[in-house]
Amino acid sequence: MVMYILWTLLFFHVSAQRWTLFDEESKPKREGRVRLVGDLPSSGRVEVYHDGQWGTVCDDGWDLAEAQVVCRQLGFPGAISVTPGGQYGEGSGSIWLDDMNCKGSESSLSECCFKGWGITDCSHKEDAGVVCETGTNITSDHQFFLDNSLGLSDDLGLLFDSGDGCDFRINVQDVSEESELTFCVHSMILMIYPELNITNNSENLTVDVSHTCHPHVSAFLRYLYSRQIDVSITSAQCLHQLAFNFGVKKLMEDVGRAFTLLIPEDNTFHTQVSMFEYGLRTGDLVLQENVLQYLSWNSEFLISSPVWSTISFHMMDALLRRSDLVVKDEAFLLEALERWIQDKGDEISSDQQASLLNHIRFLLIPVDKLYEMQFSSSVLHRNHEKLYLTGLLRGFQFNALPFSKIRKQMYNTSSEYLPRIYTGDEWSVFINDTTVNYQYHNYYYGQNNRIQSFSTPAHPSWQAQVFLSNQECSYYGIPCTSFPVARLYGYGNQNMYTSTIRYSNRLILTCKNENNIFHVQDFKNDMAVIPNNSSMGLPNPCPDDYSFWFVVRPEYI
């Protein structure tokens, strides 16, 4: 894969479980271990051990499936219930996990899907808890935990280095370069990885690896022994490819997260598109998701770039399915899709065109633009006239009829009523001034550019605020623990809207000079605490010079 940017050095360490202590109170602090903090052993606040310290789990998306994993990891038969944030008190330190998505069958919480360690927009008021089943076969026998595995990872690494007793050969070759490397390893170690399909009768394995990656093969094979490896930008892509070839999914995911730090670096979008296609080929869902999220947030810039006409059908399909696309409005997205289909020409079949058009949410296109669409004479419109007419009719109905009437015909799983993140003037307001030298009188008497009022079609009146100090928060009776913090709240007559509309508003952070979006988060109880750089999904490229974009996002229920 051709890379279009100069990657800066990145380093991280994947460590093994390596503590040896004694008794319940001082069990080894092993990576990914969980504990409950509360009055009873079977219930409490969930904490997980990572990177040398205990941290909590946010309750966003916290459900019984996640609780089942935690309870079984702790040795209980299962979970009885989950508890909302704060019931077992607030934790301290890092919030390690957020937006967990467990199937319920995982053996540990860290095996569930999540975006990355420490990536969160939560506070400790949202620390998750569980209540576990205690079972009926509990005895009074006190059990002690013994672990003599300290140093095992290092010992296995030394075993690889020495080659003593090796009984299996791995041949690494690049046919095009006519180069080959041979490593003698231990078949018993390789049998831990079932994807390699190593049996007692096997004596060797031949793998085709690009010559440019040959210098990294030894470190990768050593990882199979020790589960430890240093990853730099120069080695990341090769290690990811080797992990894919050998079926080592955990290393693929960890290195894939390292790629995330590179995503904002290329304003031309060539690198991001290449990363997605690479993630598609290797089946790395984490890498695909991280790239798609960034491109969704910066979709207007992507659409206006030359790369837009080159993206694949698979990427276009994945983007149009998402609700976190940041665009002016749905009509803007439809116009961009029409232009992309026209540029592709015969590369995209009529059925593929129709499938993409079906992802357009015609109901949410502004009514004045729906009216103009009737008179469109584009080739695409003529080729899919029935699809367009159906979309126009439903769009006019949605804008003309009370939603309480339309709701009866809604499908709960339909996304056509779910808005994307529309940044048109009727749905958003921009606060660009983050200076802190306001006089006391000016801030509280309306002479502050960090307080903006605006109106939207669904809810009449909103006020957006950015607070930079305790003094500002105190004036409004708001407890603030870190800064900056944003607030977006509606006022006026809300009763006529709350029965059919709920608001899932968004705060967008964008660099002032470059305008690229590097963070999007929701409001909780009208507030959005800006996370620090280490807890963002993407690094903040402009920590001292960014702007706030407040977006009202009605969801029709």
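Each residue, glycine too, has its Cβ placed from N, Cα and C.
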Partner cysteine of Cys112 (disulphide bond, per TrEMBL) from Cys102, Cys122:
Cys102
Check TrEMBL and name the cysteine among Cys71, Cys113, Cys122 that pairs with Cys58 in a disulfide.
Cys122
From the candidates Cys132, Cys166, select the one that TrEMBL records as forming a disulfide bond with Cys71.
Cys132
For Cys71 (disulfide bond), which residues of its chain lie six or more apart in sequence with Cβ-Cβ distance below 8 Å?
Pro77, Gly78, Ala79, Val130, Cys132, Glu133
Please report the Cα separation of Cys122 (disulfide bond) and Cys102 (disulfide bond) in Å, rounded to an integer.
19
On the 0 to 100 pLDDT scale, where does the domain 'SRCR' (34-133) sit on average?
89
Rounded to the nearest Å - Cα separation of Cys112 (disulfide bond) and Cys58 (disulfide bond):
14
Including all protein chains displayed, how many Cβ atoms other than that of Cys122 (disulfide bond) lie within 10 Å of its Cβ?
23
Would you kindly give the Cα-Cα distance separating Cys102 (disulfide bond) and Cys58 (disulfide bond), rounded to the nearest Å?
14
In the domain 'SRCR' (34-133), how many residues does DSSP assign to helix, to strand and to coil?
16 helix, 36 strand, 48 coil
